[in-house]
Amino acid sequence: MKWSEFFVTGEPLIYAADVSIVLTAIGIVFVLTYFKKWKWLWNEWLTTVDHKKIGVMYIISAVLMLFRGGVDALLMRAQLTVPNMKFLDSQHYNEIFTTHGTIMIIFMAMPFIIGLMNIVVPLQIGARDVAYPYLNALSFWLFFVGAMLFNIAFVIGGSPDAGWTSYFPLASKEFSPGVGNNYYAVALQISGIGTLMTGINFLVTILKMRAPGMTLMRMPMFTWTILITCVIIIFAFPVFTVALALMTFDRLFDTQFFTMANGGMSMLWANLFWIWGHPEVYIVVLPAFGIFSEVVSTFARKRLFGYKAMVFSIVGIAFLSFLVWVHHFFTMGAGAAVNSFFSITTMAIAIPTGVKIFNWLFTLRKGKIRFTTAMLWSLAFIPNFVIGGVTGVMLAMAAADYQYHNSYFLIAHFHYVLIAGTVFACFAGLHYWYPKMFGHILNERLGKWTFWLFMIGFNICFFPMYFLGLMGMTRRMYTYSAGLGWTPLNVVATVGAALMGIGFIVLCYNIYYSARYGERDMTGDPWDGRTLEWATSSPVAHYNFAIIPEVTDLDAYWVMKKTGKGLEIDEEKLKPIHMPSNSGRPFLISIAFFFAGFGLVFEWYTMAIIATIFIILGLILRSFDDDDGYYISVDEIKRTERLARKGA
Amino acid sequence: MAEVAHHYDEKMPLEYRTEESRLNILGFWIFLGAEVALFATLFATYLVLFQRTGHGPTAMELFKVKEVMIETLLLLTSSFTCGLAIHEMRRNRLKGLLTWLIITLLLGAGFITFEIREFIDYVHEGATIQTSAFLSSFFVLVGTHGAHVSLGIGWMILIIIQLLQRGFTPRTARKVFIVSLYWHFLDVVWIFIFTLVYLTGMVI
Ligand code: HEM
Ligand SMILES: [Cu+2]
């Protein structure tokens, strides 16, 4: 391979990106060196096994990826604003919609959710950490290097360009000869391994580490949704692992899985992809439902309405989510019987979803509602998500889908469910749990600015797309001619996208502003919360709970506050707390994964093999490692607790 | 987290005595659930593609009864000896445990040797992973199983070394137990490969 092919050349935008990447890197190194922060970075973050810090790192990465995916989105909107635009050529446009979709789902939505669940779930169940803290760190770092590998594609070697669904035969070596699609196959594989391990980790954590008295039916709703999400991850991600592996073999070793000749079957890819892909959309939306449930019940000051019905509906949704994948290709000619079956299963998902919508509405009914930022996101979610759901049911009618399929109608549908569902939930959760992460509150006034800008912008951007779709505009087209009458709605959509961008900037400013001037949370319970995470101090002590609380009912902390039992810490009862030791190995193993992946992408097998040897070495060292962790002494716990109480 | 890593429960088998071990064993069962999904996908792929032989040979023309029977015998026996190893562990006999583990490992290595020979034979007959969709899916399905067995062998060697260094501890006992779960699981997968791939392939 020539150097001129190694680095992407020829585009002014790319050169600008090169420069900014180099400058940012130099800047980071400079700041760390100047403030002598390298050691801090290593000890406090790179080697940590603390679920709260890992959660924070997930969220920081997710916000960065939201920025990257958002820039992609704005570039696409700029190109589509007016007909015959010459801003991006077709190849560049293909690359951008591919990276946008992949990054938003895999490297933004999922990590954001996983970050929140890392921080919150152990606190909600009254645990001191997750089941496997070391594995948790490894999960994070694998996700992180997967994301980095995917993100360098556009400057080194070239971006993938066959869509986030990467259908064959387009994604084959024959039609996509560059390294771009190798990046897709390898980077998603690496981060997918991390996700699978997270699924196992949190399933065991929730099943085995709940505080005494917390039966399954006393678990907070967010924890319930995470439990079910983990089950979906465990059964869906292996399918993706296999699909990506077969894609890698087809591209690197000329196997014949999805080829056009020698018996290959390209539709097999579409099936495998969506057998994972549809459950995947529920992996990102079920936790969102959980977040809204917590926020709605806290700020309506009421117990969640229909708790049991909520639980049964998430279980129902999870089950059905594995039985609907064909609705993504009704038009591929599977026949009337098959299409009817999947049409009905798809529509059936609307039933449990509808049950949940009514439960939120009834929770709000007669509640003493406080319109905090987190609550605004949750209230806006309900009508916006319903628009997405209703249009989903329209798409589910197989016969009608021949008209809607792959048009902007579909684009509008899934943005209405993903943004109004997952993204709104991430913002709601961020505002809601921010004091637990950093000890101060995100400024409410700025938060509301973000909310209104983003929410209105979102509707201005995506609502017109339903009509563009009905007018015949298909997805993934990089330009259109003037006579089609699509111009006005496209202009409107771009304006909306710009508003969303401004909303995001206000959010970033808010993070900075609140860090400097934000109100400190001295109580640990700024929202008058109901679940156990609010029983801890803000920010949370390393060991979470000095004494593990006893749970007697749903909304455990609320009950404690009402009865006054269990709030005080009896210093007599303190015992030394066992904690796991930090380890740099997850980070180092993941670096080796990065190089192994990079070697595979460029088919530099020597590099891949050497890096793999390092991975195996890391695993062997882990096997022989018998570090039993350490104990936090009673004295230290007393000191920490007194300090935290003094603030109150 | 291993909050009570050092609280022993003397009535349980050694591998279940610490909280950490109980968590790890449950986690491994769940991991095996994910492995079931992984192999199910590979089987589904194989079943979809197995009659799509292109210009290459069909299953009936290719498969050889003798080698496959030997492989099957070796692996099934190794699962049995692995069970004997756990039996010895439960009776606190380190030497018996080590002996049966090493026998298991050798049988596994024998299985892998025969499998590699089988693959080389096919390649010499012109049936490579690139020849047809059928062969791609065959090599990847059976090869993934073979890779798992090889990994299991390496893992067992590490555990044997730790047993020699440290003897019976709740931790080594748990590791032996988990690797045995893994080994039996691979045996079950092989039974499916044997029936769905080889037996079916030799008649249809
Ligand atoms: C009432 C519930 C829902 C129904 C009935 C439904 C139905 C559908 C149908 C039929 C399609 C395929 C349309 C086509 O390609 O022509 C589709 C696409 C899609 N849906 Fe939904 N959906 C629902 C909820 C959701 C949720 C909750 C999410 C995510 C959070 C989601 C995300 C997506 C995505 C990402 C696509 C398209 C992906 C692509 O082709 O790139 N949907 N939906
Ligand atoms: Cu779907």
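Any Cβ shown, glycine's included, is placed from N, Cα and C.
Just so you know, TrEMBL annotations never went through curation; they're auto-generated.
Residues or ranges marked as domain 'Cytochrome oxidase subunit I profile' by TrEMBL: A:36-552. Positions annotated as transmembrane segment by TrEMBL: A:56-76, A:96-121, A:133-156, A:183-204, A:224-249, A:269-292, A:340-362, A:374-396, A:408-430, A:451-471, A:491-512, A:587-620 (among others).
With a cut-off of 8 Å between Cβ atoms, the residues of this chain six or more beyond the transmembrane segment (A:491-512) that come close are 63, 66-67, 70, 73-74, 77-78, 80-82, 427, 442-443, 446-447, 449-462, 464-465, 468. Remark: the transmembrane segment (A:587-620) makes no contact with the transmembrane segment (A:56-76), by the rule of 3 or more CB pairs under 8 A. Residues 289, 292-293, 296, 304-306, 309-310, 312-314, 316-317, 320-321, 323-327, 330, 378, 382, 385-386, 389, 392-393, 396-398 of the same chain lie 6+ residues outside the transmembrane segment (A:340-362) yet bring a C-beta within less than 8 angstroms of a C-beta in it.
Counting Cβ pairs under 8 Å to the transmembrane segment (A:183-204), the top-ranked stretch among A:56-76, A:96-121, A:269-292, A:374-396 is A:96-121. The domain 'Cytochrome oxidase subunit I profile' (A:36-552) scores a mean pLDDT of 95 in the predicted structure.
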